[in-house]
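To keep things clear, I will list the structure first and then write my remarks on it.
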Amino acid sequence: MLDFWGNRTKSCLCLILLFAVLLGFYSNVFSLIPRRQTEKSQSSPEAHHVQGRRESLTLSEGDGHLDSCRIPEVPRLLYPKAQLLKPLRVDVLVMTPWFAPVVWDGTFDSALLDVQFRNTTIGLTVFAIKKYVVFLRLFLETAEKYFMVGHKVIYYVFTDRPADVPQIALQDGRQVVVLHVGNYRRWQDISMHRMEMISNFSRRRFLREVDYLVCLYVDMKFSDHVGVEILAPLFGTLHPGFYAADRQSFTYERRPLSRAYIPRDEGDFYYAGGFFGGSVPEVYRLTTACHQAMTADQAQGIEAVWHDESHLNRYLLSHKPSKVLSPEYLWDEQMLQRPPLLRKLRYVAVPMNHTEIRSR
């Protein structure tokens, strides 16, 4: 009897062990089937097409230009070491609450940045419509002296008077491209259609020709270094009239009906319409959004208080710039007294008769 039960117990144990082995084997086999199917499907031409399309979508839908995400290799350079316990500026804000640097004199090393951006091409857009073409010569001559010196630059001049664009000597690797556009009766219309034209040309050619765009007013001149320290996926410039003001004093669009509307309890800074930019894809998104918002306003019979500048401020409130330029980069010596914190004036207004220029 004991032998019977002992033999039966051994037989049961053997069956259980055999069942466990077979279960493990078949589970491994079945687990391989979908994996092989996946590998087979991925090796098919259709899978490669889908995978390539997905990768291209990921790249094209990024937050900035591909070059702005690339970490360049820096060769051996001699430059002062940053002192962690000795900030370069303590008299001004050098970092926004969202960790975007605020660019002031003394907060960057031009030589180091020039190496980092050595293979970069910068596009500069400027509008010289109607009589504003008279500012072009001084603008371009001072740009050649101070703007992105040593780097490749394309000046995109939007004008209705191509024959009046002056011929000036340019550094190697730099060129002027004249874009013939129509004009508008009111200067406000010219200002607002600027966003539309930058958007259109970004899609049609800027994306293929340059890495970054800098969008400026033409009735200005460069008076000191403006270099690659300004470049970022998206940047705006503090308006010289409001850099020290509280948000309730900003001249945002306050009418809720407008797409540029900003309530009085919101706002970071007041950005100037005369100096903004970034990577071409980001500038395309900005200008397209502003143009669409202005079109929607026009359909409602409303015009923002400061036109494209109002819509620029609305956009930069919702899409925080990755770099903010101090008022060094936009100043009016005729209207504002220079404070001690401004060590340099890099881009300044040219005195003019606004009524005469805008009416012709």
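Note that Cβ sites are derived from N, Cα and C of the backbone, with glycine treated the same way.
These come from TrEMBL:
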type: REGION; residues: 40-61; note: region 'Disordered'
type: COMPBIAS; residues: 46-61; note: compositional bias 'Basic and acidic residues'
type: BINDING; residues: Phe127, Ala128, Ile129, Tyr132; note: UDP-N-acetyl-alpha-D-galactosamine binding site
type: BINDING; residues: Asp219; note: Mn(2+) binding site
type: ACT_SITE; residues: Glu309; note: active site, nucleophile
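Distance between Cα atoms for Phe127 (UDP-N-acetyl-alpha-D-galactosamine binding site) and Asp219 (Mn(2+) binding site): 9 Å, as a whole number.
Rounded to the nearest whole angstrom, the C-alpha distance between Ile129 (UDP-N-acetyl-alpha-D-galactosamine binding site) and the residue listed as 'Mn(2+) binding site' is 11. Less than 8 angstroms from the CB of Ala128 (UDP-N-acetyl-alpha-D-galactosamine binding site) sit Phe135, Leu136, Val157, Phe158, Thr159, Arg161, Val165, Val218, each of them six or more residues away in the same chain. The 10 Å shell around the Cβ of Tyr132 (UDP-N-acetyl-alpha-D-galactosamine binding site) contains 24 further Cβ atoms across the protein chains shown. Around the Cβ of Ile129 (UDP-N-acetyl-alpha-D-galactosamine binding site), the number of neighbouring Cβ atoms within 10 Å comes to 21. Here the Cα atom of the residue listed as 'Mn(2+) binding site' is found 16 Å from that of Glu309 (active site, nucleophile). Neighbour count (other Cβ atoms within 10 Å of the Cβ, all protein chains): 24 for the residue listed as 'active site, nucleophile'.
Note on the residue listed as 'Mn(2+) binding site': other Cβ atoms within 10 Å of its Cβ, all shown chains, come to 19. For the pair formed by Glu309 (active site, nucleophile) and Tyr132 (UDP-N-acetyl-alpha-D-galactosamine binding site), distance between Cα atoms is given as 19 Å, rounded to the nearest Å.
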